[in-house]
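Shown below is the structure under consideration.
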Amino acid sequence: MSSTSALKVFVYALDIVCALLALVLISFGIYVVVSYDLNEIGGLSAYAFIYLGAVALVILLWGYLSAWKESVCCTVTFVVFLWLIIATQFAVVFLLIHNESSVASNLANPIEATWEEELNSPGAMSIYQNWFQCCGRGSPQDYIVNERLPPETCFRNHDKSKAENLIPNGCRKEFENYWLQLLQIFNILGCVLIGIELLISVISIRLCNSIRNDQRRSYF
């Protein structure tokens, strides 16, 4: 296998890995947008993940076609635009990482509406209380101050016979921790995506040189 062919295979393989990461980031962003009633910060963070993945897919398709056609001009242009994309992606990921706690807090805001619904229609909080093993918005005290006893979902194994089974953790904090863990995972994936894109840019430069050398040899 020639040097050019080997580099093309390497670029194709990295393109596939990047495309899969990009699809994961896009899917996460879409899931957040579709599944929750978001405020401005929550919505921006979700669309940021969609942006990270979408621009990667577009530029990687360009890179794939450039390598396939063995076009020096297209490959050089691809690398230049890829660096520009990487710069914007880095800025987005930096902001997401720097504001992880704030974003997680804003993404957890839907629980406020669920708590208000719980006060008017008992049982609305059950999904969160069963999911996160928590009780009330901030603690079981939220039920008591509203002249209600904590429901079965506030007790471990739904066993209300023992007071020590009452779960002390509030759902708001648990929901924020859930989002914080997810954000940390997907921010890492964003960093990995950028790292692989940088590697693709380096290999694409080498591929460009290899294609140019092959073209020069063909003249002799």
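Each residue, glycine too, has its Cβ placed from N, Cα and C.
What TrEMBL shows for this protein is this:
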- 12-34: transmembrane segment (TRANSMEM)
- 46-65: transmembrane segment (TRANSMEM)
- 72-97: transmembrane segment (TRANSMEM)
- CYS134-CYS171: disulfide bond (DISULFID)
- CYS135-CYS154: disulfide bond (DISULFID)
- 185-208: transmembrane segment (TRANSMEM)
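Each of these features: where is it, how hidden is it, and who are its neighbours?
Only residues 6 or more beyond the boundaries of the transmembrane segment (46-65), in the same chain, are considered here, and those with a CB under 8 A from a CB of the stretch are 11-12, 15, 18-19, 21-26, 28-30, 32-33, 38, 74-75, 78, 81-82, 85, 88-89, 92-93, 95-96, 186, 190, 193, 197, 200, 204.
Same-chain residues at least 6 positions away in sequence with a Cβ under 8 Å from that of CYS171 (disulfide bond) are, in sequence order, ILE111, TRP115, MET125, TYR128, GLN129, PHE132, CYS134, CYS135, GLY136, ARG137.
Panel annotation: around the transmembrane segment (185-208), residues 4, 7-8, 10-11, 14-15, 17-18, 21-22, 24-25, 28, 49, 52-53, 56, 59-60, 63, 66-67, 72, 75-76, 78-79, 82-83, 85-86, 89-90, 92-93, 96-97, 100 of the same chain, lying at least six beyond its termini, place a Cβ under 8 Å from a Cβ of the stretch.
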Using Cβ atoms and a strict cutoff of less than 8 Å, what residues sit near the transmembrane segment (72-97) while being 6 or more residues removed from its termini?
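Counting only partners 6 or more residues beyond its ends, the transmembrane segment (72-97) has Cβ contacts under 8 Å with 45, 48-49, 51-52, 55-56, 59, 62-63, 65-66, 103, 183, 187, 190-191, 193-194, 197-198, 200-201, 204-205, 207-208, 211-212, 215.
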